[in-house]
Each structure stands twice: as C-alpha cells, then as structure tokens.
Amino acid sequence: MDTGGNSLPSGADGVKRKVCYFYDPEVGNYYYGQGHPMKPHRIRMTHALLAHYGLLQHMQVHKPFPARDRDLCRFHADDYVNFLRSITPETQQDQLRQLKRFNVGEDCPVFDGLYSFCQTYAGGSVGGAVKLNHGLCDIAINWAGGLHHAKKCEASGFCYVNDIVLAILELLKQHQRVLYVDIDIHHGDGVEEAFYTTDRVMTVSFHKFGDYFPGTGDVRDIGYSKGKYYSLNVPLDDGIDDESYHYLFKPIIGKVMEVFKPGAVVLQCGADSLSGDRLGCFNLSIKGHAECVKFMRSFNVPLLLLGGGGYTIRNVARCWCYETGVALGMEVDDKMPQHEYYEYFGPDYTLHVAPSNMENKNSRTLLEDIRNQLLDNLSKLQHAPSVQFQERPPDTELPEADEDQDDGDERWDPDSDMEVDEERKPIPSRVKREAVEPETKDPEAQKGTAEQARGFDTATDETVSTKAVDVSPMPIDEPTMKVEQETLNKAADPMYPKS
C-alpha cells in the first residue's frame, strides 16, 4: 500500500533516487503584469540552469498534461473554476462583482492565459503525485507549483488554484497519511485550511508571523476535531539564519516522521525565505534552505518537491537548481555555466550568495519555547492513525498523448535511469555524483504497466484496486474555517503581500 515511489532501501541517503521533473516550456511566457513581483519567468531561468549544469540528463523530464476542469473541481468550487476559465483582461470590466467575490484583480490580477497557467502548474503537481503513486519515481519535482494560498472559492496571495491540495488528494488515494511541509516565508494557509479537520494529512508550516501576510499561522492553531494536533505552525521573526532555522526544523520534522509515519511527503520550497528576497525578511542561505530538502530526502519516503514564493528571481533560480541537485544526490559547481540568462547572475556568476549581516530577531529563548511547545503537541498524538478501508477512488487519468509533445523531450523509458532533451546535446556534467550504492529493485514497484509509466491509469476495473484508502472520511469538499478565529489578525501589507 504505502510503497509509493519508495523502491530504495530505507536509511541509505547516499543511494541515487529516481527523479521525475515536470516542466512546460510555455510557463515562462505568462505575465502577471508590469510591476508585479510574481514572475513565472523564474521557472524558465531555473530550467536553463538545470539544462546547462547537465542535470536534466539524470531525470525523467515530463511536460505536464494540463489539469482539466473536473480535476480542479476536486477541491475548488465549480463556479470559481468556471470564472477562472472564462475571465479575460478584455471582459473583466463587465464582471466587477465576480472579481470581488473571487478576490481577483489586485494581488491576483487577470492576465492573458490565466486559466492555461493554472492548468499547467496544477497538472505538474498532480502528475507528480500520480508518478509517485505508481512507484515510477522516488522524488517528483514541479517548480511551477506550490501556490499554497488559493482557497476553495477564491484566489489569494498571487495563487489562483491550489495545486498542493490537489496533489495531496491524489496521494491520499494510495497513502493512508500524507505530510505537508512548507518552508515559504508566508504561512501555508490554503493547505492548512483544506485539511484542518482530518488526521490523514499533517501540515507543518515554518513562516514569518506578526503583521505579515496572510496573518494566520499562530503556534496555537493546531487543527480541529479529528485534525486536532495535526496542524503545526512554527511562527518566526525577521532575520532567522540557517542555524536557528534548523534548530527547529530538524527536531520537529524528525519527531513528525517518527509519530505520524507518512506514506508520502509534499515539501513546498518557497524561495522567499532566502536572504535578500524582494518581499521576504529571513536570512537563509541557499544551502540552509536546501538542507530542508536534504533532510526530507533522507527519510526515503516518496517525496513531491514544489516551488512557491520567491521574488528575487535570480536567487530563486539558483535555489531550485541547487535543490534539484540535492534531490538527485549530485553536488553542483558554484561556478555558473554560460547560458541564455547568464547576465542575471552578475557580478559573481556563482550559484551561491552569502547571507546578509541583518539582525536575527529570533532569540534562543524564543526558539526553545516554540520547539518545546510543538514537541509537546506532537507527544499528544496517537502514533500513526489508522483509516477505514473502503473502495478506492479511481486514479486521475493522464492521457497517452504525452508522447507527441511540442517540447521535443524524449519520453522516458521505464527501464531507463535518464531523460535526455533532444534539442540539447549532452553537456559535460558540472556535477559531482554522490556515492552510488547498488539499487535494489522492489518487484512490486516494477509492476507498472506501460500506461502507468506514462503517468496515468487506465484501470477502472474494480478487480484492479479492490480495497484501498478512501478519501471520504475527510470532508474536503467543505474546507473548514478555524474555530480559533485566525482571520481576525489578517494583516494586509500595503502592496503585494506575498505568494
């Protein structure tokens, strides 16, 4: 049941992982508008670095199949999805009431191709979850995803569709328990709210708290009803550095993994927690941020890596490139290779940037108090909650048309370890591989059919999946509002609160 993409012996952090990487060449063309800090172009910059560092050759590269209306409506309200599909810059003046109702227009502007953008980034996250569910990779990556603020019926904080909730719902078809970890500087409110009353999803968010968007994420917000103690919030102050961050991250996440025993993990890697971010106020280095990825990877549980915030785009690309290397178990050179966006990275043209000398306002006493409080909360959890077994919902289908794509990516052979971009000649690798131990193949994980290898399931036959987990005990169609009225302290930054 909970094998997921975990075909490797546990505890062997040095073992190579099979990695799926989702990328649509069109994603960098979407434009939120002049002066808006959210720039999808950063995804294209990241991809260029991955190509020129030679990392794409070591991954399965997939163009995501766009999420369909019905896929988005697994979480979002029908009328909200219909609105996103129909609204255009030309028609928005005729729909002012709808714009207000769905919180679209300022932080979340209407722009050309908005709905296609949502379909693309959501398709990558759900596609990654499908790959993990079929055991076709150990780690799936979608840097275009991670838009954690979107709600069932409204946009928020630069986010329109909550791809993370949709991916977790997909993972819940195969896994009894899914862990969500969020290292964006902003609280992962949309994901927390969606799963606030269930014990099948634990959400853990490390974020700036206090007069900062979205204003939620108090340490006292712990979940409700069956979900009590299954929401963990780690509120932080300005200037937190690598050492202080991991003083909390490692013991808390270590205890979560021990007690909750998730079958799969989703890690939102928002890069606005890096030092020098245009909207952020933390002081993490790229290596400090990536240490979270390395730590989650070490548990050898199926792992979905997503993007998120990040507004100093040269540093976002640096960070996600380095973290892709961490996922692969490959050390990348600090000296950056020449590529089409090389001028963005001057004057040093290096992958890593030094953190600043800003004051760390997180005192050791404050950190100890937070750590002790959260570890105490975790001690109140029952170990690994069980779930009633019922008929399993059908897998999300991802059509076979995947093979005839415009981006020229060679489709990955299920028995191959590599994915090579046809348009690029193999590039001398600027990476250093981890020590690779012999990979022991799990025969169960190899049973995927050719259809499954393409990331979809044609099986609707009841004999294929007789008894598996049911998502129904969790009332996901009615995302809960917290009993501790957290919206009262919503702070509104004067301009562009986040993503």
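Glycine residues also receive a Cβ, built from the backbone N, Cα and C atoms like all the rest.
Unlike curated records, TrEMBL annotations are generated automatically.
Other Cβ atoms within 10 Å of the Cβ of Tyr311 (substrate binding site) number 23 in total over all chains. Sequence annotations record features per position, and here TrEMBL assigns substrate binding site to Asp107, Gly157, Tyr311.
Marked as active site, proton acceptor by TrEMBL: His149.
The divalent metal cation binding site annotation in TrEMBL covers Asp184, His186, Asp272.
Marked as region 'Disordered' by TrEMBL: 383-499.
The annotation compositional bias 'Acidic residues' is assigned in TrEMBL to 397-421.
Look at TrEMBL and you will find 422-445 tagged as compositional bias 'Basic and acidic residues'.
With every protein chain in view, the residue among the binding-site residues Asp107, Asp184, Asp272 whose Cβ has the most Cβ partners within 10 Å turns out to be Asp184. Taking Asp107 (substrate binding site) as the reference point, none of the recorded positions His149, Asp184, His186, Asp272 has a C-alpha atom within 10 Å of its C-alpha. In this structure the alpha carbons, written CA, of Asp184 (divalent metal cation binding site) and His149 (active site, proton acceptor) are 11 Å apart. Listed in sequence order, the recorded positions near Asp272 (divalent metal cation binding site) (C-alpha within 10 Å of its C-alpha) are Tyr311, out of His149, Gly157, Tyr311. Among the residues Asp107, Gly157, Tyr311 said to bind substrate, no two Cα atoms are farther apart than 14 Å.
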